[in-house]
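The structure under discussion appears below in the form of structure tokens.
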Amino acid sequence: MRFHLFQILSLCSLELYLKVHTLWFADPVVQKKESLGEVLSGDRLTSALYKLNFRENKVAETLCHKKLEGDDVAKFRDAVINDFYFQMYYDDLPFWGFVGKIEEDSWTLEKKSLKYFLFKHVQFDVLYNGNQIIEAHAIGDPNQVVDITEDVGVDVQFTYSVVWNTTSAAFDTRMDRYSRASSLPIHLKIHWFSFINSVLTIMLLIGLLTLLFMRRLRNDLRTFSTGDEEDDKEVGWKYIHGDVFRYPRNKSLFCAVMGVGTQLLTLVCSLFVLVCLGILYPYNRGTLCTALVILYSLTSVVAGYTTASFHCQFAETGWKRSVLLAGIMYAGPLFVIGSILNVVAVSYGATAALPFGTIMVIILLYAFPTIPLLVLGGMIGYLFRSEFQSPCATKRYPREIPPLPWYRDTPCQMFLGGFLPFSAIVLELQHLYASLWGYRIFTLPSILFIMFIILILITAILSVGLTYIQLSVEDHQWWWRTRDDMRSHRSHDFAMQFLIAAYLFGKFAAPMHRSVFCGGSTAIFMFAYCIYFYTRSSMSGLLQFSFVFGYNACMCYAFFLMLGTVGFRSSLMFVRYIYRAVKSE
């Protein structure tokens, strides 16, 4: 049975703790060969020198003798000050222990004195049922310590004890105890409060949409069917039936966004299904990153098919360029940010730095499974192409859009379309960020899956409502708007300032998809909350700063594409429905 040791610590101090680890044992440690997911997660495991034979108790077994010099003592003291702790795996069961402790020696009103101690004895408590291990713990003995307050050399004898006890717990339930931290009453109250808050938000939105929009929409359809010209003037959205299905500009970019958004949505849903089936669980080392890489490669066929089939609804030529854009729409920014972060990690000597062999494996995975599946999906989408289903014929010349007040413009719609979904998930987002960048481990994936479904529903409902408001003021550019189109009917400084802000999305991201941006604007609030989370945490330094904001930017960008796709498709279904109803009338 293999016994492995893995260090958990803050990113900025990783190099220091690896040096501390070499001081802990007299004999050289053996590195464990990591999987792809473990390397991507920054895990570096070594075979520990502790001998834990099955059902063999040990008392004060000597691990090693070590002569600690003054510099070595300073390194251990720094590890204790920063609350460094180790993580071990025994029979794939994770358990943790601190390096040392801090005690108050004496204090007065003017000065408080602290003493730092290093644990030199570790006791392992192991529970078993039959021939299977159920539970394992590692506890540093507070009575067997070494004073490391001063930079003075000291001889240390590291020892350990092993105690085996029987238990009636079944082997299948041995992972349940790791979810107890998230199942504490206070944590469950927070989760339930977040869930109830989200459900109430959905109910309010559905009620608002039903009572206000659908009721008004039925009145509009009734007014239009009567043929009364005097009453017919109040119905604004029916006047633009000849422009509302006008094909968008930059079709290739638009179709690539739809393809990648659908791919990422499929990837996330598949990941949640694997977690709910028990194939992936929070403490399964590296499997999450491995699953992400494999699922991204497999779902590239979805991106190719969606991109090509959607492009061929507008034109039978140029779909190859759209598929090419879909291939680099998300992978390109991810590669650039990952390369920058890897350079930073290498400069700090952190284990988060990817070795050259791992980089080549990722490139080969993208070159062979991903790209061929992307092309295959594009070919399938082209072969099974269909025409764009438009209930109304499109006029030759576009209708002029009347001037709009500032509160009906894109920035305000983005704020409304992003703030409400964000307010429904902010509590769960706090737990997610704490598990990504803190000491907590998220062990309730089912609640996270429910919140993800709720987020999609809220985004779809809001997109429908905002699209109806836009069409009511005779603004037919609900799906794609360029800077020239905006200048043609708006010259307000607020809109121009937003265009400058939109430059952050990329120099070539000048075209703005109204329904996509309103649906995906929740990602902007998520990234803003990431900034708030970072400022409230104890993280510091270039390494932590770059990793937190770099990887959160990639995650929020993925949510922008997914939710933007949801927003557009729900808006498209709604627009087709109302204009099909007008045609039938």
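Placement of Cβ uses the backbone N, Cα and C atoms for every residue, glycine included.
Residues or ranges marked as signal peptide by TrEMBL: 1-22.
If you look up TrEMBL, you'll see 192-214 (among others) marked as transmembrane segment.
Tertiary neighbourhood of the transmembrane segment (253-281): same-chain residues 175, 287-288, 291-292, 295-296, 299-300, 302-308, 310-311, 314, 319, 322-323, 325-326, 329-330, 445-446, 448-449, 452, 479-480, 511, 513, 516, 558, 561-562, 564-566, 568, selected by CB-CB distance under 8 Å and a gap of 6+ residues from either end. Per TrEMBL, the feature transmembrane segment maps to 253-281 (among others).
The transmembrane segment annotation in TrEMBL covers 293-311 (among others). Only residues 6 or more beyond the boundaries of the transmembrane segment (293-311), in the same chain, are considered here, and those with a CB under 8 A from a CB of the stretch are 36-37, 40, 251-252, 255-256, 258-260, 262-264, 266-267, 270-271, 318-319, 322-323, 325-327, 362, 365-366, 369-371, 373-382, 384-386.
Tertiary proximity for the transmembrane segment (323-350) is limited to same-chain residues at least six positions away from its ends with a CB under 8 Å from its CB atoms, namely 11-12, 14-15, 18, 42, 252-253, 255-257, 259-260, 263-264, 300, 303-304, 307-308, 359, 366, 370-371, 374-375, 377-378, 542-543, 546-547, 550-551, 553-554, 557-558, 561. If you look up TrEMBL, you'll see 323-350 (among others) marked as transmembrane segment.
What TrEMBL lists as transmembrane segment is 356-384 (among others). With a threshold of 8 Å between CB atoms, the same-chain residues lying at least 6 positions outside the transmembrane segment (356-384) that come near it are 36, 39-40, 293, 296-298, 300-312, 319-320, 323, 326-327, 331, 342.
Annotated transmembrane segment per TrEMBL: 405-427 (among others), in sequence order.
Taken from TrEMBL, the feature transmembrane segment covers 447-473 (among others).
Same-chain neighbours of the transmembrane segment (516-535): 257, 410, 413-419, 421-422, 426, 429-430, 433, 437, 455, 459-460, 462-463, 466, 479, 545, 548-549, 552-553, 555-557, 559-568, 570-571, counting only residues six or more beyond its ends whose CB sits under 8 Å from a CB of the stretch. Here TrEMBL flags 516-535 (among others) as transmembrane segment.
The transmembrane segment annotation in TrEMBL covers 547-568 (among others).
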- Intrachain residues whose Cβ lies under 8 Å of the transmembrane segment (547-568), provided they are six or more past its termini: 11, 257-258, 260-262, 264-265, 268, 329-330, 333-334, 337-338, 340-341, 344-345, 352, 417, 421, 436-437, 455-456, 459-460, 462-463, 479, 513, 515-524, 526-527, 530-531, 534, 539
- Note on the structure: Long-range CB partners for the transmembrane segment (447-473) (under 8 A, at least six residues beyond its ends), listed in sequence order, are 191, 194-195, 198-199, 201-202, 205-206, 208-209, 213, 217, 236-237, 240, 244, 268, 272, 275-276, 402, 404, 408, 413, 416-417, 420-421, 424-425, 428, 432, 514-515, 518-519, 522, 563, 566-568, 570-571, 574-575, 578
